[in-house]
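Asks: I have a structure here, written as structure tokens, and I will follow up with some questions on it.
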Amino acid sequence: MTAKLLNGKELAQKKREQLKSDVEALTEHHRQPGLAVILVGEDPASTTYVRSKQKACEQAGIYSVLIKKDDTISEEELLAEIDRLNEDPKIDGILVQLPIPKHISEQAVIERIHPDKDVDGFHPINIGKMMTGEETFLPCTPYGVVEMLKEAKIEIAGKHAVIVGRSNIVGKPVGQLLLNENATVTYCHSRTKNLREMTKQADILIVAIGRPNFIEAADVKPGAVVVDVGINRVDGKLCGDVDFEGVKEVASHLTPVPGGVGPMTITMLLENTVQSARKRV
Ligand code: NDP
């Protein structure tokens with residue numbers, strides 16, 4: 001078997017075209033949607049992510065502001081900046097690029113962003129709404145994963161979804177979203193015993209751990225749908241958490257890295273920003 005590719009790049013492009021026309025209509029009839037991104041310090045990976053987010057906003061016609069702060073900024077000053085953006089009528093979404101320096105509480109920052117402008121979907125109120133299945137901003141990577149599955153018309157209800165990784169930004173929420181879609185969900189993590197026995201039972205296997213080529217063909221049930229969230233750099237080349245060459249011979253569907261989940265993440269951020277603007281106007 002050779003797996004069908006779940007092409008995130010293509011779907012992201014299609015969604016961005018649609019978003020662009022939504023943004024045009026909003027701008028013409030009301031006002032331009034706006035996203036503010038705060039970057040603390042000069043971490044190269046964060047700087048690259050922020051630049052990609054800004055570029056994506058520009059292409060979609062979304063107004064974007066980048067607020068750069070020195071890594072010596074105090075927690076109080078950073079929270080004051082968030083307060084200012086919470087009040088700014090031109091801003092529909094606020095995002096603080098993580099990680100932030102250790103002397104600032106990440107949780108305090110996340111909780112200071114008004115839930116109505118929390119387009120990353122990290123605020124406890126929005127996480128709570130996601131759990132109860134209320135409409136809210138969904139965290140971008142998990143939201144992108146579910147959109148990819150739906151686009152490929154993959155049945156989720158009744159399927160056994162195994163999630164490897166339980167971070168607050170990927171593993172936990174992706175499992176919750178699949179549960180909301182009526183999957184039966186198993187979480188695996190670094191303390192899971194017999195992890196490879198678990199993954200073999202998955203109809204839908206989502207891997208988000210940050211370990212290059214961790215999941216191999218023998219860990220996958222023939223015909224399973226495999227989503228590789230991992231982004232790793234090995235010898236200067238990007239690769240996922242799944243051994244692509246091996247697993248593509250076993251899985252029915254598989255996401256490539258790059259070109260799979262990655263492009264969907266920023267697209268869902270744009271989607272959340274537009275959704276926020278729509279509610280506000
Ligand atoms: P974290 O480091 O926050 O979490 C990693 C998770 O994987 C933890 O739950 C950890 O378990 C688990 N884990 C680590 N090693 C193992 C192992 N050997 N066996 C089983 N479980 C293990 O990572 P993130 O969730 O933030 O990111 C995961 C990956 O996804 C990274 O490669 C990251 O770059 C990528 N990513 C990609 C995005 C995209 O847009 N495509 C967006 C966000 C992340 P425990 O909790 O027990 O420590």
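Each residue, glycine too, has its Cβ placed from N, Cα and C.
This is the feature table in TrEMBL:
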type	residues	note
BINDING	Gly165, Arg166, Ser167, Ile231	NADP(+) binding site
DOMAIN	6-120	domain 'Tetrahydrofolate dehydrogenase/cyclohydrolase catalytic'
DOMAIN	139-280	domain 'Tetrahydrofolate dehydrogenase/cyclohydrolase NAD(P)-binding'
Asks: Quick one: mean pLDDT on the domain 'Tetrahydrofolate dehydrogenase/cyclohydrolase NAD(P)-binding' (139-280)?
Replies: 98
Asks: Are there residues of the same chain, six or more positions away from Gly165 (NADP(+) binding site), whose CB falls under 8 angstroms from its CB, and which are they?
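Replies: Counting only residues 6 or more apart in sequence, the Cβ neighbours of Gly165 (NADP(+) binding site) under 8 Å are Gly171, Cys188, His189, Ile206, Val207, Ala208, Ile209, Gly210, Val229.
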Asks: I want to verify one value. Collapsing DSSP to three states, which class is Ile231 (NADP(+) binding site)?
Replies: coil
Asks: Can you tell me the three-state DSSP label for Ser167 (NADP(+) binding site)?
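Replies: DSSP assigns Ser167 (NADP(+) binding site) to coil.
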Asks: Do you know the DSSP helix, strand and coil residue counts for the domain 'Tetrahydrofolate dehydrogenase/cyclohydrolase catalytic' (6-120)?
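Replies: Secondary-structure composition of the domain 'Tetrahydrofolate dehydrogenase/cyclohydrolase catalytic' (6-120): 62 helix, 18 strand, 35 coil.
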Asks: Count the Cβ atoms, other than its own, that fall within 10 Å of the Cβ of Arg166 (NADP(+) binding site), considering every protein chain shown.
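Replies: Here the count is 18.
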Asks: Return the residues near Ile231 (NADP(+) binding site) by Cβ distance under 8 Å, restricted to its own chain and a separation of at least 6 in sequence.
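Replies: For Ile231 (NADP(+) binding site), the qualifying residues are Gly210, Leu238, Gly240, Val257, Pro258, Gly262.
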Asks: Of all the Cα pairs drawn from Gly165, Arg166, Ser167, Ile231, the residues the record ties to NADP(+), which distance is largest, in Å?
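Replies: Taking every pair of listed residues, the largest Cα separation comes to 16 Å.
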